[in-house]
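**Q** Sharing a structure here in structure tokens format.
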């Protein structure tokens, strides 16, 4: 409901590179208690009523005028007949008298038209008085609003500014309502792979990691900046001690989280120390194409990060192949809590987490859309219909980066990003 709070739609950036934020202010936040605002609303309603009355009056006057014009000839003929009868009463025989009566009868409908004119005249006088009152009220409000001095206006602006800043601090999470058209960053590598930036480090850290292929790979390229990644220059190579399976890797706070090949073991590899800090089995999780996404590729286990932390998406025999979402401790890789979404993983093209919600696409091919959403905060789900332009017709990796609020995608040998639009309802107190 619009009365619940501020409704805010945010998107990472517009085509010109600027951030976008669209706010819909609730009814109770529109200065409804302000006397001048109340007076202005009343005046606007009066203006609208007067405008409607004038339109009706104009239409009615036009209609009546047409009728008067049509009877004008009849009235002239009757007048001439009456003059002749008055000059020579002998010519007023029975036949002539009947004709005069018929002419008079034809003019009878003119009487209510004339009565309507009288009524309209009174209405015009009333409308003139209303307009005079409106002019006086508007002048009084204009003088009152102009009475604020600069300091008072400045205080009002500063108060509003502080409220807006406080509101922006609450815009951490929202519901996905739209995905932009794809933005192709680079075309490189094989049909399948994964690329990403760190989901947690400061914005000054713009390193890009690149992992080509979906199984037995061990080579991770680290580019210094996105521009270096685009040009293929200035990178270092990390050789993982254990090969990976699938493309569901994620970089979180300086470490790579990935699925160890031919196992359901999660591995945490630290880039700076070039070592495995911890590895742990995800109990019961399928692997080796037991429960992959629809495109296959050993995509049984998919790691992802959102605003609330690290997640693992997979499935088990106990869950009958339905997607399981698990919160994972990034230090120990221990599963903290799990949810059974009820959505069959083999029917999903890919999935990603935003603000504790799992969003699932219904295909990895052209024509895909974001079809399903599971809310971990309420353990509930809904079917969605969010368009998703799959430009190169084969997605093998799809991940959300909460730091940049974009989706990273590997699409048929192309590295692509999508901006997202999130919807927020912000609870506020008091009046603006």
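Backbone N, Cα and C define each Cβ position, glycine as well.
Got these off TrEMBL a minute ago, pasting:
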type: COILED; residues: 124-170; note: coiled coil
type: DISULFID; residues: 173-355; note: disulfide bond
type: DOMAIN; residues: 172-424; note: domain 'Olfactomedin-like'
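Relative to the rest of the structure, where do these features sit?
**A** Cβ-based neighbour count (10 Å, all protein chains) for residue 355 (disulfide bond) stands at 19.
Taken together, the residues of the domain 'Olfactomedin-like' (172-424) have an average pLDDT of 95.
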**Q** Which residues, sitting 6 or more apart from residue 173 (disulfide bond) on the same chain, put a CB under 8 Å from its CB?
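**A** Expected: 307, 354, 355, 356, 422, 424.
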